[in-house]
Amino acid sequence: MAKQPQPISPVKNFFAGGFGGVCLVFVGHPLDTIKVRLQTQPKPQPGQPPLYSGTFDCFRKTLVGEGVRGLYRGMAAPIIGVTPMFAVCFFGFGLGKRLQQTKPDDILTYPQLFAAGMLSGVFTTVIMAPGERIKCLLQIQAATGETKYSGSLDCAKQLYREAGIRGVYKGTVLTLMRDVPASGMYFMTYEWLKNILTPEGKSVSDLSAPRILFAGGLAGIFNWAVAIPPDVLKSRFQTAPPGKYPNGFRDVLRELIREEGVASLYKGFTAVMIRAFPANAACFLGFEVAMKFLNWIAPGL
């Protein structure tokens, strides 16, 4: 493994991760909208075609019916949440690495990097769960034509009024089931690819932007390969009417398998994979650029 260039700073990870998260949302939100609409579209009546025949059909109908703004529907919630969420995510990863070191220059193994990544998934759930709930509700609202929420803040207020804090955090367990293993895969893959792409005798901090983009993009694909089945369950559960799934994700899973088969757990797969590479490439490039800037202005932090 290539040598880590300097001691790990969870504080720098926090600020650089926030900037990386903003880069990810701007690049990836349109395809996230397509993913959620595909995952939550109603089952067609016998003899009737589905609302969307696939990723590109959903993209076309959204663009024609709502314009470019439709692709960015519900982006306020992730933008508001993404800076602290990714900041906490990268902070958790940095802290997870730091906790496993006995001295600052220790080189971590890949299982240790995976464990540090899983810790980051636990950290982010507090912010991620309500943001995902609001985002999904706003994304499907535009597709159904029914206007219940005027925006992210109105959605949060109505959810709290109807069911208290539990209504806002509906789907937290499924968010954990998605993000803990997926985050472990995400960060481990990124660090592994950075080490592979680092020329002999060079430091990972010297990697060029194209190599960082490649490593970050592939890390995003590996992340979603793990995350998409629980993500489908989460989207269904978070957008379902109150009381529809009294036993939580188990009821969602039974219904999906019974009515649509195992393949339904991979709904939105194409949209996710098309989005994963550019969005996560942008995220990690933003993170690395911000980290270099922080190392320059505050080397001792």
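A Cβ is built for glycine as well, from the same backbone N, Cα and C atoms used for every other residue.
These figures come from a predicted structure and were not determined experimentally.
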Legend entry - Range annotated as transmembrane segment in TrEMBL, from 12-31, 172-191, 252-271: 12-31
Inset, instruction - State the non-local partners of the transmembrane segment (12-31) in its own chain: residues 6+ outside its ends, Cβ under 8 Å from one of its Cβ atoms. - result: 59, 71-72, 75, 78-79, 82-91, 93-94, 271-272, 274-276, 278-280, 282-291, 294-295, 298, 301
Inset, instruction - Please work out the helix, strand and coil residue numbers for the repeat 'Solcar' (8-99) from the DSSP assignment. - result: 71 helix, 0 strand, 21 coil
